[in-house]
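Per TrEMBL, the feature domain 'Fructose-1-6-bisphosphatase class I N-terminal' maps to 3-191. What TrEMBL records for Glu92, Asp111, Leu113 is Mg(2+) 1 binding site. Per TrEMBL, the feature Mg(2+) 2 binding site maps to Asp111, Asp114, Glu278. Here TrEMBL flags Asp114, Gly115, Ser116, Ser117, Asn206, Lys272 as substrate binding site. According to TrEMBL, the feature domain 'Fructose-1-6-bisphosphatase class 1 C-terminal' maps to 197-329.
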Amino acid sequence: MSTKIHLEQYLKTTKAKGASIPIGLQELLIAVANTCTTLSDEVAQGALIGLLGSAGTGNVQGEVQQKLDVIANDLLIEGVQECKALAGLASEEMELPMPVQGTGDYLLLFDPLDGSSNIDVNVSIGTIFSILHKQNPIAALQNSDFLLSGRHQAAAGYVVYGPQTTMALTLGDGVVMFTLDKATGQFVLIKDRVEISPTTKEFAINMSNMRHWAEPVRRYVLECLDGVTGTRKKDFNMRWIASMVADVHRVLSRGGVFMYPWDQREPNKPGKLRLMYEANPMSFLVEQAGGASTNGKQVIMDIQPQDLHERVSVMLGSKEEIERLQSYHA
Ligand code: AFP
Ligand code: FBP
């Protein structure tokens, strides 16, 4: 790309389905991006500024919080306080939503630091965000306002803190990617139409859980493992980073399938990943890049949430593979 297009410029000039991006949404996305720029610097410094290790606290899910989980959460809350169109926010790390302006067009949901187990070992981590259209912008914010399916997202994206800091973003009309230019502090457009190939030879799943999976997922993975002499007639490769952001970034970059399925250890829990903070934004990105996502029974973005911190089984990526997984669940 010869002339560099920055995120701000992109948001000002681009059209999603023929319409300009509302100023309030632009402001919110810039505020999130600016916070992620700060976070990228902090992540890069790690032990030098005392950021590694546990915070000694637990979150609403009962998980031990790392220092960076807490810092990222605080930075995001602080970063979006001035956004005029932001009625409220909700975070994977907080039990209850928090009002920002109380009224306004948008609701922000985020997983401030995804892949916590990778922080201390210097492996890619990320921030995931989802922006919902508030159904009644002028009514005072209520907690139930957040319980909207993924189809109500105005925008979604993630920032991966890896060898490069890269943002993937959808405004409902395709997916674009920006990489942070550390010299200028600007996110620069690097891909203006991300497409996931419908076929793939790569899958991602935590194989150590195989004995706990349901039969359709076992069948799918075992067929992949059978290789060129098996029913699939091709050799598959496997990757597992244990940061959904980094694994999904690979899927958006070169295709593949990412799975975190239901497993029998917790039969009454639908899955491990969170619908509102992880599965919905990632599904929006993947669908907009021509891929698909399912929990086995339903397209993820069609699920009507009952609870802010609801969990879900997730299978997403190359379309033909997701269709195959769906057919195994039928
Ligand atoms: P955190 O929310 O604690 O950062 O965990 C992230 C995550 O849920 C998701 O990003 C990964 O896909 C998954 O953990 C990997 O963890 P395991 O393979 O160890 O279950
Ligand atoms: P490169 O030298 O091509 O970067 O390959 C690196 C590597 O040999 C090891 O770092 C890594 O353990 C291995 O590739 C992983 O590759 P695979 O799982 O595909 O064999």
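Placement of Cβ uses the backbone N, Cα and C atoms for every residue, glycine included.
Keep in mind the model is a prediction, meaning the values are calculated, not measured.
Selection of the binding-site residues Asp114, Gly115, Ser116, Glu278 by a Cβ distance under 6 Å from ligand 1 yields, in sequence order, Asp114, Gly115, Ser116.
Nearest by CA distance to Asp111 (Mg(2+) 1 binding site), out of the binding-site residues Ser117, Asn206, Lys272, Glu278, is Glu278. In the three-state DSSP assignment, the secondary structure recorded for Asp114 (Mg(2+) 2 binding site) is strand. In the three-state DSSP assignment, the secondary structure recorded for Lys272 (substrate binding site) is coil. Helix, strand and coil counts under DSSP for the domain 'Fructose-1-6-bisphosphatase class 1 C-terminal' (197-329) come to 60 helix, 23 strand, 50 coil. Ranking the binding-site residues Asp111, Ser116, Ser117, Asn206, Lys272 by the number of CB atoms within 10 A of their own CB puts Asp111 at the top. The record gives Asp111, Asp114, Glu278 for Mg(2+) 2. Within 8 Å of the mean position of their Cβ atoms, the other Cβ atoms in that chain belong to Glu92, Phe110, Gly115, Gly126, Thr127, Ile128, Tyr158, Met244, Val245, Leu273, Arg274, Tyr277. For Ser117 (substrate binding site) paired with Glu278 (Mg(2+) 2 binding site), the C-alpha to C-alpha distance reads 16 Å.
Over the domain 'Fructose-1-6-bisphosphatase class 1 C-terminal' (197-329) the predicted model carries a mean pLDDT of 97. A coil conformation is recorded for Glu92 (Mg(2+) 1 binding site) in the three-state DSSP classification, outside any helix or strand.
Across the structure, Asp114 (Mg(2+) 2 binding site) and Lys272 (substrate binding site) are spaced 13 Å apart at their Cα atoms.
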